[in-house]
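Working notes, structure below.
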Amino acid sequence: MSSIRVVCRFRPQNKLELAQGGDSIVSIAPENDSVTINGSESNHSFSFDYVFPSNTTQRDVYDHAAKPVIEDIMAGYNGTLFVYGQTGSGKTFSMTGINDPNGDQELRGIVPRMIETVFEFISNADENIEFIVKASYIEIYMERIRDLLDTRKDNLKVREEKGKGVWVEGTSEVYIYREEDILDVINTGISNRAIAETRMNAESSRSHSIFILTIQQKNLKVGSIKTGKLYLVDLAGSEKISKTGAQGTTLDEAKMINKSLSSLGNVINALTDGKSTHIPYRDSKLTRVLQESLGGNSRTTLIINCSPSSYNEAETISTLRFGSRAKNIKNKAKINQERSAAELKILLSKAENEIENLKGYIKELETVSGVTVSNLKSSGSGSGSGSGSSSSSSGSSGGSGSGGSSNLSNSVNSTSNLNTSSNTSSSNVNANANVITTSVSAPTSPKDTELIKVLQEKCIQLEKQLFKKEEEKKEILEQLEQQQEQIQDKDQEIEGLNSMIESSNNINSLYQNSTNENSVLNVQLSELKLALEKSRFEATEQSLTIEGLNEENQSIKSQLEILKDRIAQSGDSSIASLVPSTPKSSAEMDPLATASKHADEWNEKAEQLKLLQRTPSKAVGSSKSNTATSSPIISLNISESDNIGSGATTTTNNNNATITPATSSNNNVEQQQQQVEELLPSVNEQLLESENQKLQKRIQEIELEFETYKIAKENLTMQKDLEIEQLLESQRISSSFVVDPRNLDDELPAEMMLQAEQIRKLIAENSEQKVHFEATKNENSKLKNRIEMIEEETRQRMEEELNVLREQTNQKLSEFGSLKESLIRDLENRCQKVIDLELVLDELQDRIVTLNERLKRVNKPGGGDQEAAFVQSKLDEITAVKHQLVIENNKHKTEVERLKKLLSHRGEHILILEKTMAINQESLFKLALNHNALTIEHDRAKNELEKLNNLLSQVGVDAQNTGGARVARVIRGGGGNNQLKKFNHSSSSSTSSSSALNHSSINNNHTTPTPLSANLYSNTKRSTKELNTGVKAEPLSLSGSPFNTSIPSSPNHTSSNNINNNSNNNNNNNNNNNIGNSGNIGGVGNNNSSISNSNNNSSSNLNANLNGNTPVKITSENSSSSLWNIFKKKSPSSTPPSSTNNLSPQSPQTPSHLSADGSGNISPNLSPPIPVNFSYTPAVVTSSTINKDQQKD
């Protein structure tokens, strides 16, 4: 039992307190163990383990408050370090301080100094001890536990087991190999922590943060494991709303902070009050997580931070009272140790030897007590019964003692017999006690009484020792049972993981099938879309042709009306009704005669349109009788020109006076008839339209008739119903007047029976017709709705596609327009050049004319020969220039023609490109649809895989990438004389470790030489392998593993390390693991390392070629002295425990001109030992590897 250690720290007054007129009200005793608050009303005194004044340095706080806790952690205890106080009292400063590499190192807080202490202890530890350091960082925000290393985990659960205690499930654990790893984890957590600004603090913590550091120590010689957990708790400060000015979310946070702190106070009150039977740990997540730290298995130190100012007098007194109450809490701390099987056997053998010794000693005591009793009996002061009882008891005790020794000998082979042996041994002690009590009952001398007392005390001591040994045996058995239960739990977890993997495989197969089906459906959909687009295009073309034909019909109608008016006006209105008929008929016959050549075509069109129903003779008679009113279209089918000619001659003989106007009108009619022939096809189409309209009207009439028929039918059915009702009523009335029911059948007429049957038939038919009518009505409504939906969908798709096509066509037209403008501009420039050359040519021709005139004047008599020669030379020059210009002009003309041809060719090429672009856009549209479907499926599969990964991460298989390592690797102790081994300590460049083994590359400028001890491998056998050469070990990267990430390198060296683990041979006799390492070891040359392991001969060879020329072969062996593997479940790929590996290091033959630092000597800098377990075969996570990792944890 140990009390919580409480220390108090006061900070200096800040600007706000000085501005409010605050004064220091703190008085600290010279011994620094008590403090007095000079309050406004009364003074308050408090006693603590240590009180730090305002001028205390960070180092003093760490040495007095935190360093003892760290030492307890390294001894195997659980430790907790609380920081409690008002908001703005300096809690975070005490914990973290100011971590500035270039700043004052004295301002560093507890955490960075704690890191130094941990790694100093590791470096000073024995070389046979391996360390595994893990870190996690959580916060309690608004009563929700969040993982600060993985912000996606925002609502973690608290679990509890009897053997394991209380822990938070699902936290991210990062394996630590150096100081920078812990700092990276802390910085990541601090950056993700919830903070806000208040009046009292610019960066006020809005949550309780808990940093958990787990240190596991394994003694390779003995095989024991000690585990210590350190909880660094930075509590959020209690707040007073009037001082902080919290509003909104900040106010809600303050409420939850004060609530959790009040729950913590209630727990402390319940622990310090001896009358409380219940401790309210479950009232808050904070007290639930820190249950072991408050009254449990932990050594706890509480640092209370206070303000010395009178401005915060109430808060300071409340904080001090909290600390004084917490000082009374008692914890039950014990070393968390797991003994190996060898240790348990050694303890068991020791206990058995001590029991044997105690039994022999008991026998001696029994003999001594028997002699004493017999002497007393012979002297006459005792009774015979007493001696007899003592002798009998001694005999019985001797027999029981022999039985106990036999049971103990059997317990070596079977631990189940421990209870029987303990029971027999306890019976021996009871027998001895009975002997002594019997001997005491007899009257003895003073010497005898003293001897008896001494014997009684020795027996009591022996009995206590025996009980202790029995308790230790029980504890050992309990530990064995717990380990077996843990192994079973791990097996169950592995089975669950296997089932999850099978389900994921099934999901992947379903996903493949669905993708194949989707591809087939997409192809079919694309074909249907192409057919739909083709039909739409044809429909639009047909609609355009119909619109054009309608316009042509309208124009033909107007022209026909004009022709009719002209024909009507061509005759003379003053001539009698018979006289003018002759010229008109003759005027019509002439064009009909010309049109007789096409009689066959006209007859076919007339038959199609059903315009002419008369024979040719009837047409002639009608033309003779009614020529004034007949239309030119009706007379087109008259093909007998002879009758027409005769009719025309008769009319001319009777009316000679009207020949001249008739001939003139005849010419006009011929011209009009030609126009009619040209417009005849359009007229035929118009007549077809009129016939269609008639048909539509006929259809409408039929529909109206159908509606009237329907209404009449309904009326008829209603009348029939009324008649039926009347008949029934009449039957009822007639049945009421019947007096004698026996004569009813005789009196009922046969007609009434027939009417009843007819009524029943009519009712049945009516019901059937109604049902049929309703069914047809429903089907029609459904079809209409479906047609409307299809039309709406097609319309929307048409609009969307038209918009896309419009945009594309506009874009192409704009591009074509720009290209066309550029070509036209070029052509215009060339044309302008041609025009300019023609102008120059004209000017030269004018000059030649003037020169010729001058030449003529010169050739006249009296002209000078010199002037003629000069003019002749100028004329020659001009003709040469003209000839050159003509040649250039011809060239330009040919160039213009060529450019025109090129322009036309480019236009054709642009059209072809536009067509191909339209086709490509259609294909791209289809691909986009397919891509969208595939992306949706990919996202769904990705989400399922993320869920599986999250489940795997919960059992420790796939830890999140939080700046630390994902694979556990041990750190070997430095041997007691060496300094801290550093993997990467560079002031010029700091790189975060995110490789597969979370081990960054080594910078030669800042490495500490750490030679290993000479007897590292002497007289010991280990399960780890270490590269004990004058080079620096490079990190290993598991290629093909889910834990593989990129390895950042230092500025001076670039290393790429790959571990290719090939385990394709499942033969149990020979299972080889090849690890090829190709990287730059020591920063010089290309280095290749190969490690091979075979289960056939159980040997491991490490061949490292340094600088391309230096082979180093190092082999190691699995531990045969450590019996930790007894508790492991053997995997098929693991090495048998009986196998041994020979260590045969070869001396490296390194040339003097090659070195790691370029100076000709290999640097003696060494990395910490690299534990590589060669018993695993696959590089990926399998069930066997998961089982082994979980057993180690």
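Note that Cβ sites are derived from N, Cα and C of the backbone, with glycine treated the same way.
Within the model, the domain 'Kinesin motor' (3-329) carries an average pLDDT of 85. Sequence annotations record features per position, and here Swiss-Prot assigns domain 'Kinesin motor' to 3-329 based on sequence analysis.
DSSP assigns Thr87 (ATP binding site) to coil in the three-state reduction, placing it in neither a helix nor a strand. The ATP binding site feature in Swiss-Prot is assigned to Gly85, Gln86, Thr87, Gly88, Ser89, Gly90, Lys91, Thr92; the stated evidence is sequence analysis.
Positions annotated as region 'Disordered' by Swiss-Prot: 377-429 (among others).
According to Swiss-Prot, the feature compositional bias 'Low complexity' maps to 405-429 (among others).
Per Swiss-Prot, coiled coil is recorded for 450-962.
Sequence annotations record features per position, and here Swiss-Prot assigns compositional bias 'Polar residues' to 573-585 (among others).
Here Swiss-Prot flags 573-600 (among others) as region 'Disordered'.
Under the heading region 'Disordered', Swiss-Prot lists 611-630 (among others).
Taken from Swiss-Prot, the feature compositional bias 'Polar residues' covers 614-630 (among others).
Taken from Swiss-Prot, the feature region 'Disordered' covers 638-665 (among others).
The compositional bias 'Low complexity' annotation in Swiss-Prot covers 643-665 (among others).
Per Swiss-Prot, the feature region 'Disordered' maps to 973-1016 (among others).
The annotation compositional bias 'Low complexity' is assigned in Swiss-Prot to 985-1006 (among others).
Sequence annotations record features per position, and here Swiss-Prot assigns compositional bias 'Polar residues' to 1007-1016 (among others).
According to Swiss-Prot, the region 'Disordered' annotation covers 1032-1114 (among others).
Marked as compositional bias 'Low complexity' by Swiss-Prot: 1044-1078 (among others).
Sequence-distant neighbours of Gln86 (ATP binding site): residues of the same chain at least 6 apart with a C-beta under 8 Å from its C-beta are Gly237, Ser238, Glu239, Asn305, Cys306, Ser307, Asn312, Glu315, Thr316, Thr319. In this view, the densest Cβ surroundings among the binding-site residues Thr87, Ser89 belong to Ser89, judged by other Cβ atoms lying within 10 Å. In the structure shown, the C-beta of Gly85 has more C-beta neighbours within 10 angstroms than that of any other entry among the binding-site residues Gly85, Gly88, Gly90.
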